[in-house]
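Remarks on the structure that follows.
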Amino acid sequence: MGCMNSVPNQVGQTFDPVIMSDDAVERKMSILLREKRKAALRRGDIFGESVQFDTPLELKSVVKSAESTTIIRQALLNNFLFYTIGHSDIDSIVDFMVEKSAVAGEVIINEGDTGDFFYVVETGLFSISVHGNVVNTVQRGATFGELALVYNCPRTASVTCSQSGRLWALDRVTFRRLVARIQSEQIGECKNALRKVSLLHALTETQLSQLAEAAQFVKFAKGDRIIKKGERGNVLYIIKSGAVICTDVGDSHRMESVRLTENDYFGERALMTHEPRAANVTAETDVTLIALDRQAFDDQLGSLREVIDHNMSMRVLQSIPILKVLSPTEKEKLFLALEPVSFADGEFVIKEGDHGTTFYIIKSGSAVVAKSITTSDENGTTTTEKRQVATLSTGNFFGEMSLLHGEPRQADVVANGNLECLSLDQGRFVELLGPIQEILNREAEERMRDLKMQEQKHIKLEELEVMRTLGSGSNQIDQMQICRNIVKEKVEFPGWVSSSCRDIILKLLERDLTKRLGLTHGGARVIRSHAWFAKLDWDAMLQKKVNAPYRPKLADPLDASKFEAISDHEEEAPVCMTEGHEWDKDF
């Protein structure tokens with residue numbers, strides 16, 4: 001989960017407390033955010049199972065004494081499955097654990113049964129046995145049954161009450177619902193906060209969601225210094241609760257202090273530049289902030305300036321009628337081919353009547369469009385003069401028809417002040433995608449083509465319908481060891497696996513979403529350009545010109561001789577025999 005609501009100076013955290021020395025505020029905060037992201041990722045490794053609930057979330061907390069709460073909380077903190085869960089989230093879990101009394105001789109867990117509950121011991125004595133042999137005895141503060149929170153599996157040991165006592169239990173469904181709610185609420189809150197930052201208005205909903213995953217909740221105590229004037233900025237802050245005071249703002253020492261409260265933000269320029277901070281920012285009250293550091297932003301989306309330019313250009317390309325037939329991949333190619341070009345005030349970008357081959361998108365600044373207008377007076381005398389007919393600004397485009405026909409320009413376009421554009425000429429377009437008229441023709445042909453493409457021998461995955469029942473296998477492995485191995489994150493490959501294959505697998509399995517191949521700056525293009533695909537012609541594949549590496553010879557379209565013979569017998573699924581299942585036998 002990207003947003004963690006944990007207090008940085010609580011016991012058990014691996015990073016420094018938020019109370020920082022003046023000479024290292026930004027540096028320590030960046031380290032803090034990296035450590036919190038790592039903790040969130042480790043939690044996802046263990047509790048990352050996708051859960052879908054058809055019914056509304058209905059959870060009821062259970063009132064507990066202060067002593068019981070302390071025992072349960074410390075027990076969870078000492079259990080390795082909870083090491084990566086934020087402290088405030090631990091408190092939420094404690095609230096929803098239910099009391100269970102146990103008497104001597106009672107079997108709490110039976111080896112081999114399917115487990116649903118995890119337990120914390122408050123009082124009493126409990127024996128743990130495997131195959132009938134007692135292997136351990138646990139008491140106050142101990143836990144058992146934690147794998148039930150991870151997935152549905154048979155119990156690996158029995159637990160019997162030796163001395164009457166009290167347990168606190170948590171079932172898997174409640175736990176999953178609780179974690180899902182916390183995750184959804186916190187990521188949604190981060191996203192809504194980021195949406196209010198004016199500098200991020202150009203981002204898409206998908207990009208905001210990506211940043212919400214990378215953002216973190218951090219807390220400062222009253223009086224803590226959050227930003228020191230003159231330090232290089234790395235972090236954007238949004239106030240979730242509390243208030244901060246900005247002092248010594250700008251160059252004027254006479255400027256009054258500025259007070260910021262809930263939903264205000266500060267430090268946003270850190271996402272674009274490394275300019276020194278322009279003010280001191282101190283927590284006026286205890287304050288909770290949503291923090292996003294520049295490194296996380298750049299890893300996820302690239303530089304903010306590049307993201308803004310990309311989004312604007314892609315929106316323009318998608319809005320041009322003659323380019324709407326292009327695929328997303330083809331539009332991305334065009335974006336990458338756009339070249340920056342600058343014009344001084346009063347300089348002609350294009351001239352009416354000139355033969356045009358270049359298309360322009362305005363990146364910044366504005367331009368005036370002037371066209372020759374011919375009029376006639378009552379005596380039949382004609383007059384031609386240049387008239388301003390429009391003003392173009394950031395995000396506007398012109399000259400797109402030059403990509404199709406290279407026709408004479410229909411008007412002058414003149415820079416109105418300094419003007420920066422992105423340009424693409426017809427030759428580069430043809431080099432990348434071919435003549436645009438052929439693309440238009442291709443679109444018409446594809447609409448008429450048989451979608452099943454059987455003539456070309458291309459496969460539709462939905463037609464691969466041969467299935468077999470998997471064997472039942474065995475369960476001889478240590479389930480607890482599996483979880484420990486997940487946390488260790490060690491991946492081993494057979495010796496025959498190539499280095500490029502290992503590299504792409506590891507990068508696709510990267511737990512950090514801000515670093516995973518395909519989710520970073522460049523998106524799917526980075527995957528396509530990986531060394532593992534060096535010999536693959538992606539353009540040929542999109543055009544269905546790549547032959548399959550193996551094509552068996554078939555006698556006819558119904559020849560199934562290349563498939564392994566399977567039995568026609570299908571095992572019937574066991575009937576669920578619950579209490580009262582024969583209520584309708586006499587109907």
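The chain as shown is numbered from 1 upward.
Backbone N, Cα and C atoms are what each Cβ position is placed from, and that goes for glycine too.
Annotated features, as they stand in TrEMBL:
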- 81-179: domain 'Cyclic nucleotide-binding' (DOMAIN)
- 199-302: domain 'Cyclic nucleotide-binding' (DOMAIN)
- 322-450: domain 'Cyclic nucleotide-binding' (DOMAIN)
- 534-587: domain 'AGC-kinase C-terminal' (DOMAIN)
Per-residue pLDDT averaged over the domain 'Cyclic nucleotide-binding' (199-302), given as an integer: 81
Helix-strand-coil residue split for the domain 'Cyclic nucleotide-binding' (199-302), DSSP-based: 24 helix, 37 strand, 43 coil
The domain 'Cyclic nucleotide-binding' (81-179): DSSP-derived helix, strand, coil residue counts: 23 helix, 46 strand, 30 coil
